[in-house]
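Below you'll find the structure, written out as structure tokens, and then a few comments.
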Amino acid sequence: MGSSWRAWVVAVGMVTMVEAQLQYGYYDQLGCAGVEDRVQTLVRRSYLTDATASAAMLRVAFHDCQVGPGGCDGSIMIEGSGGEMSSDGNFGVKRLDIINSVKSDMEQMCPGTVSCADIIALAGRDAVAFNGGPEIRIPLGRKDADSSSASEADAQLPPATSGVDRVLSVFSAFGMTPQESVAMLGAHTLGVGHCKSIQDRLPFNSPTEPESLMYRTQLRAACAVNVFDIAILTNDATQFTFDNQYFRDIQSGHGLFTVDNAISTDPRTAPIVSLYAANQGAFFAAFQSAYVKLTSRALTGTQGSVRSTCGL
């Protein structure tokens, strides 16, 4: 056997070891039963009182998991001028108070046991199911980082102007297939965007302007009166429902972000978009496996810690 074979065996062994440290029923084994049910109850109360909260929690999960070598490590929650929330890439990220509130409850329930990172991953998962998406089972046992870096967030969060190459590269680092990567973008089916994020699409004759005359006129009109970046734009026609409407919209030229339009026309991803537009079940299945991969890059075991307060 050659060196390449031995390297492959070592790599597989490392992946297996890391995955083994994220476990189903993790908190039950620590004598803290009912964590998942309690987190779900708490975050769903927030979703019921604020229709935008579920999209916000899904976005927090994405942005936490994409930054730093620790992946899903709760670092987005750490407060401070040099932290991840100082990054332009986290513009519009909100409702971190939900995570802080759940964490406070967990400290009463099982002190020093439930990580901020696990709460974030669970809140994002529950946001999907709460809005009609698939139920996703994820292993737990993530630990929290002790630092947060705006520069890392700047470098690792793909900008709104990203093309297909960048997005496929970002998600392939998590072991995702092109089908799973496109499904990840389907998370845009929830929530809204901001004019700040589509500035490249607004000028006349821009190479990234929407193909639909009606749609680009609509976007320009909405953003013409944008003050202090408060104007919001829906990602798809059913912004409060996790469904495949996003894919149907981008096929008709109504993709809000640059990458939305790009994946509907790029030959590598257009067939996948067509599949998901026609088959919601295929989208849901790919999103389920992709979300598990996204949230499985984490600090585990003796790495990291369980912070008593998410913001510190």
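Any Cβ shown, glycine's included, is placed from N, Cα and C.
As the structure is a computational prediction, the values presented were derived from the model and not from experiment.
Annotated features, as they stand in TrEMBL:
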type     : residues                                 : note
SIGNAL   : 1-20                                     : signal peptide
DOMAIN   : 21-312                                   : domain 'Plant heme peroxidase family profile'
DISULFID : Cys32-Cys110                             : disulfide bond
SITE     : Arg59                                    : site 'Transition state stabilizer'
BINDING  : Asp64, Val67, Gly71, Asp73, Ser75, Glu84 : Ca(2+) 1 binding site
DISULFID : Cys65-Cys72                              : disulfide bond
DISULFID : Cys116-Cys310                            : disulfide bond
BINDING  : Pro158                                   : substrate binding site
BINDING  : His188                                   : heme b binding site
BINDING  : Thr189, Asp236, Thr238, Asp243           : Ca(2+) 2 binding site
DISULFID : Cys195-Cys223                            : disulfide bond
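Known features from TrEMBL, placed on the structure.
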residue : record                 : Cβ neighbours (10 Å)
Asp64   : Ca(2+) 1 binding site  : 33
Cys65   : disulfide bond         : 26
Cys72   : disulfide bond         : 32
Ser75   : Ca(2+) 1 binding site  : 29
Cys116  : disulfide bond         : 30
Pro158  : substrate binding site : 15
Cys223  : disulfide bond         : 18
Asp236  : Ca(2+) 2 binding site  : 24
Asp243  : Ca(2+) 2 binding site  : 19
Cys310  : disulfide bond         : 24
Are there any residues in the same chain, six or more apart in sequence, whose C-beta is under 8 angstroms from the C-beta of Gly71 (Ca(2+) 1 binding site), and if so which?
-> Cys65, Ser296, Arg297, Ala298, Leu299
Densest Cβ neighbourhood among Arg59, His188 (recorded positions), 10 Å radius | His188
Drop a 10 Å sphere on every Cβ of the recorded positions Val67, Cys110, Cys195 and tell me which sphere holds the fewest other Cβ atoms.
-> Cys110
Using C-alpha positions only, work out which of the binding-site residues Val67, Asp73, Glu84, Pro158, Thr238 is nearest to Cys310 (disulfide bond).
-> Asp73
With a radius of 8 angstroms around the mean position of the C-beta atoms of Thr189, Asp236, Thr238, Asp243, what other residues of the same chain does the Ca(2+) 2 site pick up?
-> Leu190, Asn235, Ala237, Gln239, Thr241, Phe242, Asn244, Gln245, Tyr246, Asp249
Pairwise CA distance, Cys110 (disulfide bond) versus Asp73 (Ca(2+) 1 binding site), rounded so that it is a whole Å = 19
Anything within 10 Å of Asp64 (Ca(2+) 1 binding site)? Look among the binding-site residues Pro158, Thr189, Thr238, Asp243, comparing CA atoms, and list what you find.
-> none
Check: min Cα-Cα distance from His188 (heme b binding site) over recorded positions Glu84, Cys223, Asp236 goes to Asp236
